[in-house]
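This report refers to the structure that appears directly beneath it.
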Amino acid sequence: MAKSVNGQQIIQLFEQFSPKAYAVEGDKIGLQIGTLNKPIKNVMVTLDVLESVIDEAIEKEVDLIIAHHPPIFRSLKHISTDQPAGRLIEKCLKHDIAVYAAHTNLDVADGGVNDLLAEALELSETEVLAPTYTDPLKKLAVYVPKEYEEQVRAALGNAGAGHIGEYSHCAFSSEGIGSFKPLDGAKPFIGEVGELELVHEVRLETVFPKSVEKAVINAMIKSHPYEEVAYDIYPVEQTPAEKGLGRVGTLKNEMTLKEFALFVKDKLDVNGVRMVGDADSMVKKVAVLGGDGNKYIHHAKRKGADVYVTGDLYFHVAHDAMMLGLNVVDPGHYAEKIMKEGVTRKLTSMCNDKKFGVNIFVSETDTNPFTFL
């Protein structure tokens, strides 16, 4: 049976996938309008929050909007309902629609905007283009009755623990005898108050990135049968995986720059692309960064990319790329619309695992401001 859910629960789940810690300094992320302390039945995922998007949300009885681009990005000196920004906020509050933004944290996240773009372009052997965050690793050791081992193991893995490279749910267990004596006031799951108890237990060990520590601990406690869970958390010295903006990967087949530009147009489903470089030059290694990636052209060059795919390319930055000998294909900022389907799939899967009774769907409003002739 599906469980009712509130906004806090939805966002806590979402932030296991796209932690706030991944956002670059100063980014405007998180809850921007309304409250999460309310029941949620309908969630709409959008790239942008425009008044037309809010009108769609009202029509579809949306309780929560998850957006990539924050509607409140620049500081507001006042909120006037005579102005577009004020009207948008007023409509959200009037119709009890909460708006949550995941911006650069969603760019950085595994399976986020840049991974979705790299996947659409069929890149293999991908790595981070511009590191922005190192997520320190920690190790958890928890003591579990043997018959509850699999329950706790699954809960930890589903909360984000045990990810090593391309593997998830990695853990190690060893068996032993645990001992404890419940004191007055205790309500032991096993044993009697005042009597020493010896229990066949398993020491279950796994690693997790610091960014999901809260979720991992909550999952452990919720899935564990004991009222007082015995566990240890300590840092480990392995070098954690770098997180960051953009991706660099390799095409399956080498092609000319012109062929690649048309490939980008098709795969990202955009109305047109701009191209910088020799149309007949061959490309194989690709750097991609969703949105405005102007300041990362040198990162793309240092990574050995033959071509850099990014949006909002400036005139003089295009000249810089030419002088660097770096080809560029610009599909526009709206190529990030790919996040709508990607986030909807991911969050739907996570909510289904929790048996949350919530509908998650993609906004159908086209927020691209440009018309191509």
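For all residues, glycine too, the Cβ spot is worked out from N, Cα and C.
Per Swiss-Prot, the features are as follows:
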BINDING   H68, D107, E336  divalent metal cation 1 binding site
BINDING   H69, H333, E336  divalent metal cation 2 binding site
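Each of the binding-site residues D107, E336 was scored by the other Cβ atoms within 10 Å of its Cβ; the lowest score goes to E336. Surrounding the centroid of the Cβ atoms of H68, D107, E336, where the record places divalent metal cation 1, the chain contributes additional residues within 8 Å, namely L47, H69, H103, L106, G112, V113, G290, G291, M339. Sorting the binding-site residues H68, H69, H333 by the number of other Cβ atoms within 10 Å puts H68 first. Each residue in L47, D48, H68, G290, G291, G311, Y334, A335, K337 lies on the same chain as H69, H333, E336 and has a C-beta within 8 Å of the C-beta centroid of that divalent metal cation 2 site, without being one of the site residues.
In the three-state DSSP assignment, the secondary structure recorded for H68 (divalent metal cation 1 binding site) is coil.
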